[in-house]
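Visitor: Please read through the structure below; I'll follow up with questions.
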Amino acid sequence: METIFGFRREDLTSWNSLVALLNRPTDPASLGIFRCLFGLLMAIDVTQERGLSHLDYKYLDGAPVCRFPLFNFLQPLPLDWMYLVYVVMFLGSLGIMLGCFYRLSCLMFISTYWYIFFLDKTAWNNHSYLYGLIGFQLTLMNGNRYWSIDGLRRPSIRNAHVPLWNYTVLRTQIFIVYFIAGIKKLDADWVEGYSMSYLVLFSMELVNLLVVHGGGLFLDLTAGYLLFFDATRPYGFVFVSYFHCMNSQLFSIGMFSYTMLATSPLFCYPDWPRRFFGRFPAWLRAVLPLTLPDPQPSTSCVYREINTPKLRLKHKLGAIFTILYILEQFFLPYSHFITQGYNNWTNGLYGYSWDMMVHSRSHQHVKITYKDGKTGEIGYLNPGVFTQSRRWKDHGDMLKQYATCLNQFLPRYNISDPEIYFDIWVSINERFQQRIFDPRVDVVRADWSPFRPNTWLMPLLVDLSPWRSKFQEIEGSLDNQTEIVFIADFPGLHLENFVSEDLGNTSIHVLQGKVNVEVVEEKKNYTLQPGEQIKVPAGAYHKVYTVSENPSCYMYVYVNTTEAALQENFTKLFELQERVRNGTETEPLPPELQPLVAAEDEEVNATDPIVQLFLKRQRRMKEVKKRREAGVLERLERFAVKKYYTIRRGFLMTAIAMRNLAVGLPPLEQLTREVAFANMKAPQADGNQDERLKDEVGHGEL
C-alpha cells in the first residue's frame, strides 16, 4: 500500500497518526516551482482575462450601467481606485511568483481577486473560480521554502521541508476539477453529442462524437487517476498536455490551459526539480533552483524519527483544514439544493460546479417591455440597454438585478414606477427554442430568494428532447440557402414576430400541438394542425398562439432572398472576372464593372454597390488566406504585437490613474492626449480586422 499510495494503512488508524501523516516532511521543490509558475500566469491574467487593458470601458465613472455583483451592496470603486485595486492584485501575483514577502503577497492577491470576482457574476466561470481557490490555498501553505527571495532573506526557511498536506490539498483540488467535470459529462446531452455539436472538428459526425464528447468524458474521468499513480503518470502527462494545448487553441479561456499544465508536475515526486535542474551545466546553476538533495528540518512538519513526535496545534489545524476543505470541495458542486434561487435550467451559477462545456445555448428572440406605472403607457427597450453583458438572459437572479436597475434608470426618461417584462427565447443543447422565463411576470416586483425555487422560471421541455434527432433529418433535406428555426411554446402563450423584408419566403410548419396564426395587418386568423403550414408575409407582424392543451412545436422555414440574390450576383461577377482575366470575354465592360479588371493591389472606387461589396469580400478572403498560410514566425510576430499593445495600454492607463490619485487630474486636453497615446495601435493594424476576418463568406456589411 505504501508503494502504491505513499502511506501505510496504520497511518489512518488513529487521529494522531493521521495528523502525523499529513504533516510528514516533504521536499518543497515541486511546490516552489508551482508557486512561481502560478504567480507568473496570474500576473499575465491580470492584464488579460481580469481586464486591466480595458478597465476604463468597464468601470467608467458616471456611466449608467447595470451591474451584477454577488451581493448587492458590493459596488465598484471610482475608476482610478479600481486601477489601484488591479495594481495591488498585480503586485501580489508578482510577489507570489518571486516568493517575496510571500504571505503578504498572497493576501494582496486573493483579497483583490475575490473582490473583482464577486463584483461581476457575468464574468464567472470555472477556471476563474479555480484561480481564486489556488490563491487561497497558497496563502496557507509554505510555498516560499524553495527558489524564493524570502529564502534569501531568511536562511532559516530556505530549502526547508513543507508538510505533506500542502501537496495533498493541491493534488486533490486538481483531481476534483478533472473527476467532477467527468461526472458532470455523464449528462445525457453530453453523451449523445449535443453539448458541443457546434464544435465540428471532423467531417464525420460519428468521429466528432467519439473524439470530442467521448474523448473529453474519458479524459476527465481518468486524468486524476492517471496522474496519481507512478505506472500511469507518463501516459497521463501525454493525454492532459495534448488536451490542454488543444483547448488553448480552440477556446478563449485565458491562462486556464497553461495553469492546468503547471499543476501536472505536482503529481510527480516532490524532488523532481532537483533532478531536472541538476542536469544543467554548472555555470547556470547560480540562477537556477537549488539542486542540493537534503532540505533542512522545519517546525511545520512532524518527524517520525522521533519516538514520540510532539503534535503541535498548527499540525492539528493543518490536518483539520485539509479534511474540511476536501469535503467542502466535493460537496459544493452538488450543493444546489440549498441555493435553489440560483437554479435555472442548469443548477447554480456557472462557476463552482466544474460542468465545463456541458451546456451550450443560443438565443433567438429577446424582448424587454416596460409599462409606465402611472399612465399605463407600454414601450420596448433595446435588449442589453444599460449593461455590458448578455449573460443576464439565462439567470433569474441576474434578471431580477437587471429589472431592478432598469426600474431605477427609466424614471430619468419620464417613465414613472415602471414595470419590466422579459420575453427570452433560448435553445439549450440543440433543443427547441422556448421561453425560459414567464413573460407575464413583472420582474421588478416578482419574488426572488437565493434559497427558494424561482416561481417565474418556465420549465425546460425535456419531453421534447427526442425531436433533436428529427431536426437533423429535416435540416439535411434542405438546400444551402434555406434556414430553419424550431420553436416550442406553452399553452395560453403566444409569440409575436416580425418577418424582415429580406426573408421573402417564410412559412410556419406545425410539428405538434395546435396553433392559431394571426396576421396582424390582414386581421385574419388561421388554425393549423400538425403537418399543416402557412406562408407569412414579409415586412409585417404576425402572432402565433398555442391553443392546444399541451405545448406546441412548430418551425419557421425561410430563405434570405436578399442574401441569395447577392450570392447569385457575386457568382456572376466572379465568372465575368475570370473570363476577362483569361481572355475569353469578348464584350467590352461597362464603366461600372471596370473595377473588376483592376490590379489586385490597386485602389479603385467602384460606383456600383454590388461591385463594392464583391471587391471588399475578395480583399477579405485574400487576407484570410494570407493569414492561414502564414508561417510560424509570422504568426508569432502577429500574436506578440497584438499582446504587446494590449498590455501596453493596460500599464499606460494604470500609470495615468496612479498619477491622478497622487497629484490630481490634469487639464482635459492633456488627459485626452495621454489616453490617445495609450490607445495607439500597431501601424498596420485595423481595429476590427480580426473580427471581420472570422467570417470570410458571410455578409456582415448587410
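Cβ from N, Cα, C; glycine included.
Just so you know, TrEMBL annotations never went through curation; they're auto-generated.
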Visitor: What range among 388-408, 682-702 does TrEMBL record as region 'Disordered'?
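Guide: Result: 682-702 is the stretch TrEMBL calls region 'Disordered'.
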Visitor: Looking at 195-218, 219-242, I want to know which stretch TrEMBL calls transmembrane segment.
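Guide: Checking TrEMBL against the ranges 195-218, 219-242, the transmembrane segment one is 195-218.
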Visitor: What residues elsewhere in the chain lie close to the transmembrane segment (317-334), defined as a C-beta under 8 angstroms and at least 6 residues from its ends?
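Guide: Contacts of the transmembrane segment (317-334) (Cβ under 8 Å, skipping residues fewer than 6 from its ends): 18-19, 22-23, 133, 137, 140, 163, 165, 168-169, 172-173, 176, 180, 184, 300, 352-355.
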